[in-house]
Structure formats: C-alpha cells, structure tokens
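Below: one structure, written as structure tokens.
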Ligand code: S3P
C-alpha cells in the first residue's frame, strides 16, 4: 500500500484561471462505444487517470487497436461482435464504472471473461448489475452469490428486459444499456431519479437505436454503431474541489474553463448556490452532445441547508467536498437520502464524519446521511484517505482553511481520477 502523505496549509486566496481534466464518466464511455462501433473514433480530452486506463487496457486486451499521440486517442472500432477473448483476468483497478459497465458489455459476447479489481473494488456490491443481467439470460458468477468480484462471465445470447432499478445508478443503467445493444428485442430501464445521462447522449451520438423519456430509456438490440469524433468536457467532479476551495478561502476569484455542466451532474452548483456561494456560468456551449461552460467563483459566506431528494443523485460524487463546505457554513447542514455514499470507493459518510471530527467539527451520522454543524475555522488535523481519491482531495481542500493545515495519508489514490491535482492546486493557491 502506498502511504505517501501530503499537507495543505491556510491560503491567502485561490486565484487565476484553470482548466480541469476530462470527465471520467465520458472518458470511460468513449473507449467502450468506440471499441464496439464500426470505423474510427477519435477522443480528445480523454482523462489520463488510472480508472480510465483500466478501461482502455481492457479493450486493448480484447484486441482493439487504440492509438495515443499524447493528445488524441484513435480507436479502431471492431463492430458489435469484433472483440476477442482476453487471455487473462481483466483488472479494473479501483474503477466501479469499468467493472460494472464491462459486466454488461461482456455478458452477451461469444467468449469468457473474468473481471477483478483492487481490494476496495472487490468489496463493492455487484449484484445490482449481476441480478438484472441474470434476468436477461446472462451467466455470471462471483463471490458471495455474485455480489463481489472477481466476476466470471460466460458470454451467451441475452433477451431484452424491462427493469425498474431500485437505485438511481448510472452504472446499473449503463451496464444494462450495453447489454441491451446485443439483446433480442427491447431493453427498458426505469430509475427512481434520472442518474447521469452520458450513456444516453453518447449512444445517440454513435447512432444507437435509443429512446429516452418519462418511461425510462429504451434500447433496441442488434443495431451496429458508427465511429465518431468525441471531445470530452472538463470533469465537474474534479472542478468541485476548486469550486469549494475558492468559495471558502477569503479573497478568491477563480475561473475554471470548459467544465461539463450536464444537468444530471450540476447538483453541486445548485447545492453550493443554495448555501450562498457565488458561482457564475459563462460562455455556455455544447461539445459532442454535452453542455459545457466556464465557471467563475468568488469567496462567499456559506450557510447550512438541507440536502435530500433528486439533487443527491445529481451531486453523488461531490458529497465529500460538500461536507467540507458544510463544515465552514453557518449553522447546520443536513444530508439525507444519500445511502449510496456508503458503497462508493469507501463508506464516504463514515470517512467524512471521522475526518471532519478530527478537524474539530461536530458531525452526527445517520444511516443515509449526516448532520454537520459549521465552525468558524477548522483545526489542524492528520487524517486518512481510506484509499478514496475524493476523500483525499476534499481533506486537502479543508487544509486550505484549517489553522495549522491538514495532512492526508495515502494520497496516491488521487491518481485514479485527477493526476494533475497537486500542480493545479499549487498554481491557484496564493500564499
Ligand atoms: C458513474 C456513476 C456513479 C458515480 C461514479 C461514476 C458512471 O456511480 O458515483 O463515480 O460513470 O456511471 P453509481 O452509478 O454507482 O451511482
């Protein structure tokens, strides 16, 4: 295990202009759809994080030629049935998106696959995809009755399914959509709230037979996709750390350019704005079917709010850093209906409660959320990342406003989603 630590100290301002790296979700999907489309797909702005390389290496292992000139990826798509059997276990590392979406895509192939991941991923629930795929006719075995990786997939023909998902999960939805591309008939997925819709947008971009509406997403199987050019927008989930840093550190003004502002991802903006944050969306435009804007953030006094309902799904990855904002807001912030946070890269409710308490904040945990009472200033703290990139980055943001700073142990995990986090933070931090 890597135990490398990093410390941040109180800053005088967060200033200047940055662009954040490409969106992680869209980067994964570009490799997957590009590989099973016919013809060439080019991808610019691909996120060069470990999670996305796990997906890229999986497709190379299945015989897809993917060129990389350092700026643009060129994927020589092989068509729906052009993948070949990997001759070894496919290692998805820390990436839930890789393993769950690949499970859906590999279930209908004409070959056998085994998927695994690191010790954190091997603890995460897989039944949410293995269950409905089984109803489509898939043959997938895993530890704990199919709940845990490694997963062994004996590819076989599938039939379409109408599936009402108990959780709003883009990974579940996307796994079933990928399986649905191959299934006989129609596959319909209905979610309790609309989760991120990058798959729907990209399926459409590649010419899939897809319909979306109030009754869920419907895919008709058996239609080939066509290779496309994709420009990946900046990841709002990476921007989130800099947005909160600029709101909390006095005398800040930060412009983040080219951020994806897909409405299924902008819960963070709605939550922070409701807390009193000054965030302006400038220069709104569209890239490869995804809305994009520049964000201008100024230091703001924040107040506690209640967070529950559909906005939870639209901000699901941002709760660690929302907790940091809440810790410095006036009054209480109550987070409810966010049980999914317990099955992310780590249990993010428990991890943030532990870490904020170490910095002198009163936090009450509930089964599906937490209550955070804001303080004027955080205290010095030394905390663990729990192997979770977003916990690590959130606590390093906290250190920018903690008397005596914050030290985070085991920060190597930041490389899964944001390899350039440290130089970008250096660039905008005024001392
Ligand atoms: C993702 C979906 C979300 C999110 C994850 C990326 C995706 O997970 O937390 O970081 O790319 O589809 P769930 O589908 O489990 O909510």
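Every residue, even glycine, has its Cβ placed from backbone N, Cα and C.
Automatic, uncurated: that is what TrEMBL annotation is.
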According to TrEMBL, which candidate in 78, 127, 344 joins 24, 25, 29, 169, 171, 317 at the 3-phosphoshikimate site: 344
Distance [Cα-Cα, Å, rounded] between residue 344 (3-phosphoshikimate binding site) and residue 24 (phosphoenolpyruvate binding site): 15
Rounded distance in angstrom between the Cα atoms of residue 317 (3-phosphoshikimate binding site) and residue 390 (phosphoenolpyruvate binding site): 8
Where the C-beta lies under 6 angstroms from ligand 1, the matching binding-site residues among 29, 317, 348, 390: 317
Among 344, 348, the one of these binding-site residues whose Cβ has the fewest neighbouring Cβ atoms within 10 Å: 344
